Amino acid sequence: SSNRTGSSPLTFILTGIPGVSVSSSWVAAPLCCLYVLMLLGNCCLLWTVRTEHVLHSPMYHFLSMLALADLGLSLCTLPTVLAAFSAPAASLPFRACLAQMYFIHTFSAIESGVLVAMAFDRFVAICHPLRYGSVLSGSLVARAGVLIVLRGILVVLPVAVLTARMPFCGSRVLSHSFCLHQDMLRLACGDVRPSSWYGLSAVILTKGLDSLAILLSYVLVIRAILGTVSAEMRAKAFSTCISHLCAVLIFYVPLIGLSVIHRFGNLPPLAHALLADAYLLVPPVLNPLVYSWKTKEVRRRILLLLCRRGSQQQT
């Protein structure tokens with residue numbers, strides 16, 4: 001009842017890009033292209049890893065988890081993003097906004113955990129190559145995947161519960177075309193400190209610790225690489241880490257920037273909108289491209305499968 005005004009249910013107004021009309025095709029068309037590219041890239045990556053037995057290794061299993069997290073993160077924002085850029089004053093019911101917020105932050109936490117697992121994979125592959133198969137067994141990879149998913153689900157659940165109990169009696173206009181926890185806190189009119197402090201603690205305990213774990217793993221990896229005598233071996237070892245490092249930067253740079261400006265910044269609304277869109281759209285679009293371009297096995301298999309499909313269609 002606290003989330004209702006009179007007899008009408010609470011709804012939030014979605015916002016596209018400030019200062020840009022919803023009918024602007026130069027904004028809607030690139031967004032649609034990005035979503036199509038995201039779907040094609042991640043689905044193609046998943047299909048390649050699934051169908052090619054040579055790619056059935058821990059590294060590519062973690063890569064499949066990353067692609068699934070990217071798909072979930074993008075698909076849960078697709079309906080509201082398209083609605084915000086196709087209709088003026090598009091609205092979203094409170095429960096739908098709450099569910100979208102929960103899934104966005106859950107998939108984000110899962111993706112962060114997968115990046116940590118991939119960093120551990122690179123650490124074992126470079127620092128202990130002879131023990132790679134025994135350490136990263138199939139059962140360990142499966143347990144790691146289950147723990148990563150459970151951590152994301154359970155850590156974000158209290159955020160949704162606390163947000164569901166907050167009253168909203170002021171403005172209902174969101175800063176983005178989707179629901180984020182920080183943005184909903186801005187619209188609440190009650191005591192938001194429990195939800196705000198728990199949300200900040202959850203970010204620190206998940207993405208904060210994850211980033212430190214990734215940093216520590218790469219410190220050990222760089223020390224092991226620099227201890228290699230052969231320059232050719234050092235270059236080869238560094239090249240195996242480039243794709244993962246790109247994925248880490250693509251994910252964490254927009255995330256950190258968005259968290260900072262939401263909590264401490266005083267930037268124009270346009271900066272908020274662009275950074276939030278980059279946080280949710282750039283990693284799912286670029287990750288398949290980065291891994292397809294920098295990972296020789298994935299690139300070769302995708303090209304081979306595409307050529308095979310083309311020859312089958314011609315015959």
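Yeah, the Cβs are placed from backbone N, Cα and C, and that goes for glycine too.
For reference, TrEMBL has these:
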TRANSMEM  26-48  transmembrane segment
DOMAIN    41-291  domain 'G-protein coupled receptors family 1 profile'
TRANSMEM  60-82  transmembrane segment
TRANSMEM  102-120  transmembrane segment
TRANSMEM  140-164  transmembrane segment
TRANSMEM  197-221  transmembrane segment
TRANSMEM  242-264  transmembrane segment
TRANSMEM  270-291  transmembrane segment
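Here the transmembrane segment (102-120) sits against the transmembrane segment (197-221); at least 3 CB pairs are under 8 Å, leaving out pairs fewer than 6 apart in sequence.
With pairs at least 6 apart in sequence, the transmembrane segment (270-291) and the transmembrane segment (26-48) have 3 or more Cβ pairs within the 8 Å limit; the two touch.
Sequence-distant contacts of the transmembrane segment (60-82), counting only residues of its own chain at least 6 positions beyond either end whose CB sits under 8 Å from a CB of the stretch, comprise 14, 31-32, 35, 38-39, 42-43, 45-46, 49-50, 90, 92, 100, 103-104, 107-108, 110-111, 114-115, 117-118, 121, 141, 145, 148, 177-179, 247, 280-281, 283-284, 287-288, 291, 298.
For the transmembrane segment (270-291), the list of distant contacts is 15-19, 31, 34-35, 37-38, 41-42, 44-45, 63, 66-67, 70-71, 73-74, 77, 104, 111, 175-178, 180, 243, 246-247, 250-251, 254-255, 257-258, 261-262, 298: same-chain residues at least six beyond its ends, Cβ to Cβ under 8 Å. For the domain 'G-protein coupled receptors family 1 profile' (41-291), the model gives a mean pLDDT of 86.
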